[in-house]
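Heads up, the thing below is written out as structure tokens.
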Amino acid sequence: MTFGPELLLLFFMLAMAAGCIDAIAGGGGLILLPFLMATGMPPATAIATNKLGSTAGSLAATVHFVKKKQVDLRLIRFQILTAFVGAALGSGLLLTMHSDVLEQVIPVLLIGFGIYFLMAPRLGEVDQHQRITPFVFGLTAAPLIGFYDGFFGPGTGAFLAIAFVSLMGYNLVKATAHAKVLNFVSNLASLIFFIVFGDLYWSVGIAMLAGQVIGGSIGARLAITKGQKLIRIVMVIVTFSVSIKLLWFS
């Protein structure tokens, strides 16, 4: 399968938008994954190709959050390790499943996330009471969400942010920053696994990598200054639109 310059430019632009959204609210993959599958890529290959761009975008956002001192890396060292392991295991499961199963599961998951983004309550604005220790978080939420990221991926950043808010008591900006670090680690684990054992389209992946680096940097700045209300609305609209398309033509 070959991709012309026009299609690569389209994926670059989509990736830039997705990287911005992902850095703010998570779920940028909800935009990219359906478009990748619409080109005829097998689901597992589409997920693997998407990981190249999402890894770069999450790295760009992570670097910005660290520079702005929004992240305490000392507290999440163990969480980084367990998220990495969980993502590798999830990627392994993905490559053992038949593509027909994924073609049926992915649209349902996408619609589920669309409903979640539509119905989810407003996340915390200030730090709250911490319910579990960072170590317990590293034994539970980090590997479980990392596993999900390795297996499917879209919405991982939102899941992690919610976990940091509800379990660690972080405010939204702090939760988003720490979520992006773990999201980068889980993306990296999956990308390594897919490069070694899977299959991906490098031309599309590199185009999306460039776009998500730019978008991730922009989104990280907006996450600190502007919030996510508008992005969430746009994400819900896009998610339902592409999910219905996938279900209609599957």
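Using N, Cα and C of the backbone, Cβ positions are placed for all residues, glycine too.
TrEMBL annotations:
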TRANSMEM  47-66  transmembrane segment
TRANSMEM  78-95  transmembrane segment
TRANSMEM  101-120  transmembrane segment
TRANSMEM  132-151  transmembrane segment
TRANSMEM  157-173  transmembrane segment
TRANSMEM  180-198  transmembrane segment
TRANSMEM  204-223  transmembrane segment
TRANSMEM  230-249  transmembrane segment
Top partner of the transmembrane segment (132-151) among 78-95, 157-173, 180-198, 204-223 - counted as Cβ pairs under 8 Å: 78-95
Dominant neighbour of the transmembrane segment (157-173) in 47-66, 78-95, 180-198, 204-223, by Cβ pairs under 8 Å: 180-198
Same-chain residue ranges lying at least 6 outside the transmembrane segment (78-95) that approach it to Cβ under 8 Å: 44, 47, 102, 134-135, 137-139, 142-152, 181-182, 185-190, 192-194, 197-198
